[in-house]
Each structure stands twice: as C-alpha cells, then as structure tokens.
Amino acid sequence: MTTLGQRDRRPDALGSLSVLPDETICVLLEYLAPRDIAHLACVSSVMYILCNEEPLWMSLCLRRAKGPLEYKGSWKKTTLHLEGVTQENDAYRKCFHFDGFMSLYLYKRFYRCNTSLDGFSFDNGNVERRRNISLDEFSKEYDAKKPVLLSGLADSWPASNTWTIDQLSEKYGEVPFRISQRSPNKISMKFKDYIAYMKTQRDEDPLYVFDDKFGEAAPELLKDYSVPHLFQEDWFEILDKESRPPYRWLIVGPERSGASWHVDPALTSAWNTLLCGRKRWALYPPGKVPLGVTVHVNEDDGDVSIDTPSSLQWWLDYYPLLADEDKPIECTLLPGETIYVPSGWWHCILNLEPTVAVTQNFVNKENFGFVCLDMAPGYHHKGVCRAGLLALDDENSEDLEEETHDEEDNTLSYSDLTRKEKRTRMNGGGETENREEDVNGVSKRYNMWKNGFSYDIDFLASFLDKERDHYNFPWSMGNSVGQREMRAWLSKLWVLKPEMRELIWKGACIALNAEKWLRCLEEVCTFHNLPLVTEDEKLPVGTGSNPVYLLSDYAIKLFVEGGLEQSMYGLGTELEFYDILGRADSPLKTHIPEVLASGILFFEKGSYKVVPWDGKRIPDIISSSSFDFDASMLNSEFPFGIWNKTLREHKNQGKPAPDSFGSLSSHVWPYIITKRCKGKIFAQLRDDLTWNDAQNLAFFLGQQLRNLHLLPYPPVTRPELLNVNAVHEELNIPAEWKVFVDALCQKKKDVTSRLENWGNPIPRALMTKIDEYIPDDFFVDLLHVFKETNGGDEIKPCTWIHSDVMDDNIHMEPYADDSVDGQHNSWRPSHILDFSDLTIGDPICDLIPIYLDVFRGDADLLKKLLENYGLPLIRSRSSENGTTKTADSTRKKVLSPSYRTMCYCILHEENVLGSIFSIWDELRTAESWEQVEQTVWSLLNTY
C-alpha cells in the first residue's frame, strides 16, 4: 500500500520475494547470521528497512548471547558489540528514509513496541478478593479449585517496603540475575545493567528478570519474605536441593513485559505476590485453550510445548475477537496482593508499569494426583489436561463435534494430527488471517470444551495409555524431575507421610503403574517362600532404572528396562560374571551382595508362573517361541552372556536396539534376589559424610576397581566379533580390543546429533570441533597400541567394566561402635551394587562415573583412589615410563590418559559431558576440547 501519488517500491526492491507477506520475510531473516543481515541490507531499500528492524536484531542477539549481557542502547549495537564490530564512527551513520513503502505488519509491531498501558487496568470482580482467610477456608473453597486474590499476606514482609526498583538496584546492582526470553540460551544480566535496559528499551516483549536461583545469587532476599501460611505445604520440599525442581522466582519487569499464555510445569499450583507496580492477569480453567494458542504434545515422549503470541499482542489482537462469554477471568493485581493459581489453569500476565514480584509453585495433597498424572508416560492425557477434549484423536473429536454443532459450523481448525506431534490450536493466526471466521467459531468450540470435560483426576486418568510402562517409555525432557528423582520422591513420601499413603499409592499407580509391579513382586515372594510384602515395602526404591524392592532381608530386582531382550542380556551377563567370580580367588566376593536366587516370571493363560534360571540355558518360555537362535548362541555356556550381549550391541550401534522378544515383553520379566545390605546407599549419605569417610570411600573404590579389573573374563568366541577390523588382522591385535575400538568408532558417527539433543550446558562452539579433536586416525592409533603383542605375560588390554559405579550403586554401613541414640556419625563402604551393565573394555572407563558422579570432580579423592588402584592405566608395552617408543606424535597423544579419557567422555552414550560442564562451570566458555581435557583429566597423566 502507498499513499496517493507515490510509487510502490516493494516489487522492484524485493523482486520475487514481494509475493511473500512481510511477516514471513521477517521470520526468514532470523535464520541468517548478523553479517549476512548487514550485507542483505545493502541489496535494496526495502531490504534495508526490514534488516534494520530492532526485533530482528533482538532475536539475533539473544540467540548468540552467552553469560552476562550488557545492553548497548539498541539491539543492533548490542549484537555488533558481541560480534566484535567496532562502532567508533557510528555518529555520522544516519538512517536512510524511503517513501513508497508501507507495512501493516511492521506498523502494528511498532505500535506494540511504543504503546503506553497507563489506562489498561481492568477488574470486573470475577476473581474473588479475600482477606484474613483461614487455612481451612482456603482448602475447602479454593485449593485446586479456583483462583482467588488475597490481601494482607505480605503486610509484615520487609519486602513490602524494600523491594522497589531503585532500592534493589542500589543493593544488588552488581548481582547477575537470570533473564526470561524466548531463545533457548540461558542469559543473565547484572541488575544495574538490566535496570538501564528496562528504562531505555522499546521492545514489544521486553526481557524481564525471572530467576529461580535468586536465593543463591542474593541470599539476603530470602529474608525479606516468607511463604504465606496458606501455601507452606510443599511435597517437593522433601527432595534434596539438587533433585528438587525450580520452585521460586524473583520477577522484575517493565511495562509491556510479562508471561504469555501457559500452564504451570507439572500441573503444580502457584502463588504470586506483587510488591510494586500493577499486573493485569487473565485466566482460563483447565482444558480451555485460549484463542491464538497452539498446544503441541509429542507422541514419542509426551513433551508439551506451546506456541503463543506475546501477552501484549494477545490483548490487543485476540482479546477483541472474543464474545463476552468466551473472555477469560480477569483482574488487575495491585501492590501487596497475592493471587493463587490452581493446578492446570491457563494464565497470562501483562505488566502495566515496572513491577517487582515473587512467586512459588508447590505440590500438596490437593494437586498431588495431577502432578503424578503429568509425569506418567504417554501423551494423550497430557493433551487432555491442557486442551480438554479437543486434544483427542480425529475420530474421537468428530464424534464429540456432532454432539455440539452442525457440520457447516466447522470454522475453527482445532485438531491437526501429524506423525510425531498432536497439535491442538484455538486459531487466530498471524497478521494476515481472516478474523471473521474466528469470531464465528470460537464460542461453539468453547461449548465443545465444556461438554463432558472435567478436571477430575479419575476422569483424566482414563486417558492414560493402558500399556504404559514407566521404565520403558521415553521420559519427557519437559518433566520437572527425572525418572529416578520421581521414584525417589514417591518412595520418600511413602516413608515420611504414612497418613497419606492411600493418596500416595493412587499417585504411584498413575505414574509408575505400581500395582502391576507389586503383583509381580508378590508372585516372586510366594514362589521362593519369602515373607509377605509389608505395607512399608510396597513401593520400589527410587534409584536404579528397574523396579527394585527392599524387603526385610532381601533385595528383589525385576528386569524390565529396554524390553525383554535387553533384560535377558542384562541378567544373563550378570549371572555369567557371578559364576566367574565364584570360581576365582578374588577379595571382590565379599563386597558384592550374595545372590540367593534368579529366575523368570511370566503371565500365561490368566495366571503368573515362575521358573528358576541361572543363566546357563535359554529358558523354555523364550526358546518355545518363534525366535531363531544361531548355533553359537545355543552352544554357549551362557547364551545371554557378555559376548552375545556385545554382539547385539555391535549390530545395533547408532540406533535404538529392537526388542526381538517384543511380543513377550509385556508379560515376561527376569528377576534376581540378593541378600539385602544393611545400611544406606551413598546417595542418601553424601552430605553427611566426614572428610575421613570420603577418603575411606576413595580407598575402598580403588581397591575394588583393582579387584574387578584383575578378574578374568571369557575369551571372544563369536565369529562375527572376531572379524571386526579384519583389515588389521596381521597386527595380532587382541580380539577384545578390536571389538572395543570398533564400538567407539561406531559411536562417533552420530556423536554430534547426540550432543545437540542433550544441549545445555554443552557449549555449542565445541560441538563443531569434535572431528578436529577426535580425527578418524584416532581409532587406528588406538588399535595400534596393542599391535605385535605375543600374549605371554603381557597385561591384557581390556578388563571387566562395571560402567555404573555411581552414588546409588555404592552401599555404606555404619561403624558398629559409632552411634549416639541410634544416629551414626561415621560410615564405611561395604558393597558395590548392580552388575547388569557390565562390558569389557579400557579400564579407564570405570573412572569416569566415579570421578564425575561420586567424587563430583574432587581431585584429592581421585588421587586417593589411584593410590590404591595400583594398576597401569595405559596397558601396553609400547608405553614405558609415560613415553612411547613410537616416533609418531599422534600415537603419543593416544597413549595420554587424559586425552583418551576425554575422548571416551565425548563418545559416551550417557551425557557425561553435561556433568563435566555442570561441575566446572567455567568450562562453558571453553574454546577447545584440549582446555576441557586439561582442566578435568590432566591429573591422570601424573599417575
């Protein structure tokens, strides 16, 4: 569009791109690098206009920013500063102005960036206001039921007087706080820099302080307020500091900032107290998706993501479309007031002026069931909790549609099923969509939301996957806690809240399918004449990746993770290892729990059956099925032993291992019974141990690693494995070493995608340098470490590798003479647990989980371990006194323990790099893998 008499410069300036809406072009520009944007701005007048838009430079800047950010007056200047572009002569660079161009999209965005919200407050009284409400009243009328505005809760807080923008800036100006914004990067700003930004910015969706670590960054702030008496029950509080999900936030933001439409994580409830400024709130009940919002639920892991306009854009562009009956519940929050948001409620907040607030999320007996439901495997129930019946599959949705409206009213496309993702959208679209259709359809679709939907735990649980398996279904990265932490949480609640066991059991059945696993446990106990399971023993312990139950004198583990085939190889290898250990004269025997029984539990023809199994044959329940087993496996003493397990892993390297026994996985479970160790696992004692206890632990682990690594292992018998790297056969390289190196080589093929999936805190800059750090020659050099060895008394290149010596697999017992009133002051290590992840490989591999998980990077403890380990880390006669006879420098590098260990960390199938960059925070800005190697593993070179 142009004014009368002016030419339209768009066709000439954009060429073929002129057919695209401005919104689309602006989105595409965000994918370019800053320097490319600068070049593109020189192409034409319209490109100059589009490439100088501040929202574009804001997006570019936030995608590249790392660590503390300092705003330089505009986002373009800030981005150029980050890019290292000097702007000394910027004063003479005046902006160009062009006629013949108009964009409604850019104008609306400009309006949103500069509009004032002085008269934007709203309160029609549809959120109740209460003062001096009792806990009993709150529980009966509001808790997990409906929002309420509460006054008087913060009257006695020091924060009511001291949490102003100026006072906070004066006291905490140098403290960096985390910033909320739409890029995945974690960005912080010193408070003084943030306030400077806040006062000068003209952003549509301004950055705002949203810091869940403010109590650690500025501990004095925690003394300025207290949790109101209505919200002091928080069941997540029993988790230790590292496992507890984020639960409290300091919120500081300017006019126009605020949280767009969302449902709080894990369906928790929340309270939010405003200390200064004014906030406009809008809320919808559970299942009622706001207009313009799209809910994505991934069918693979149930991960939920939400596409939503900014708060300001929603109120300006979408709110006017709503009929009165479809408008949200609204209020304006004033200083000193607290709003309570129940579980599952949609809410959106817009700051009408600079504000300071504090908020906390919590779990109590009223919303506990919903929290458990949200962490249950599957995806249907997650969609229904947030989007109501609109989240159902197409065929179910159509049935419900017919009950609520005629076919010709099909104006609101709310269901779009793709292969990987179910999307539920209340349309409103972009700047160019037809809003008339939306106006006609919204009310009718909201009527459909009401029909039959209930935010009731029993109703919502009916949408759970009937075949759900907590131990095998993918775990959503969006869940508030990890799988083990969630099981540990339920286990702790079971012990600490016996009066709530009926509710906790219901939640455990929803999240874990606990009733199913309890039935399996009872069948195993009955077969082996073990005591009946008591009320205290009904839930599996939180640690481990399989259901493990601790009875009075027994520990029972059901193998389910990864499906039946993986479970059979896990138990089969463990039983083979115990057989070898039993015939060896090794002191390791006394530090591994005694095996009392093992077998297979299966459900057949309506009843459970149990058969013993010692690992030395293929059980009938499997051999009688339609599975083909080759002669080598049938003739193996342990058909599911280490080398058959290794062959399976070798065949499936780089892709998820299929479960060949999949048809049996849902009703066949291997198990093992061991004698229960007295005491506690190290994970439960970590914070209570003395330094002397920790040194004793390091001494113990050094001894037991030595014992494990000296234990003989079976020779490679599988012909397929013997042919691995046959091209190097003339070098007389031990077969097991060839197998190990080949597995590493396979892992490198998808290492970049694996690291990208893990994401933060792994620096993205280092991901591009993996090939430089681990060239393909690395694997050839690693093979050659053991060339021309003649057997004899040569130290073997490989050993048994436990693979999982972590804080939950080390058992501690109290010193018998060291207790006061039953409280023990000192603990000593007694046992190493769980040998189901055994492999054979480089002994250095066992140091990785110990140093990172058990020792948390404590170099003194690693030194203590190595002192008592006493075996060479470089097991080759080509290495003497830390040097090599080979002149090749790359071969020398491979022989370096620090380099080799760093390579193993990068290629590891578990996210050990995440642990490294969490322990050594300063390495997140590392520019090379060599820097990481020297910081973390250089100690090994002096051993």
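Note: Cβ is positioned from N, Cα and C throughout, glycine not excepted.
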- Message: Suppose a student reads Swiss-Prot and sees His262, Asp264 listed for Fe cation. Which of His229, His347, His380 should they find annotated at that same site?
- Response: His347
- Note on the structure: Residues near Asp264 (Fe cation binding site) by Cβ (under 8 Å) yet at least 6 apart in sequence within the same chain, in sequence order, are Ala270, Val341, Ser343, Asn361
- Query: Quick one, of the binding-site residues His262, His347, which Cβ has the fewest other Cβ within 10 Å?
  - Reply: His262
- Item | Fe cation site, defined by His262, Asp264, His347: further same-chain residues with Cβ within 8 Å of the Cβ centre | Ala259, Trp261, Val263, Ala270, Val341, Trp345, Trp346, Cys348
- Compute the average pLDDT of the predicted model within the domain 'F-box' (14-60). 94
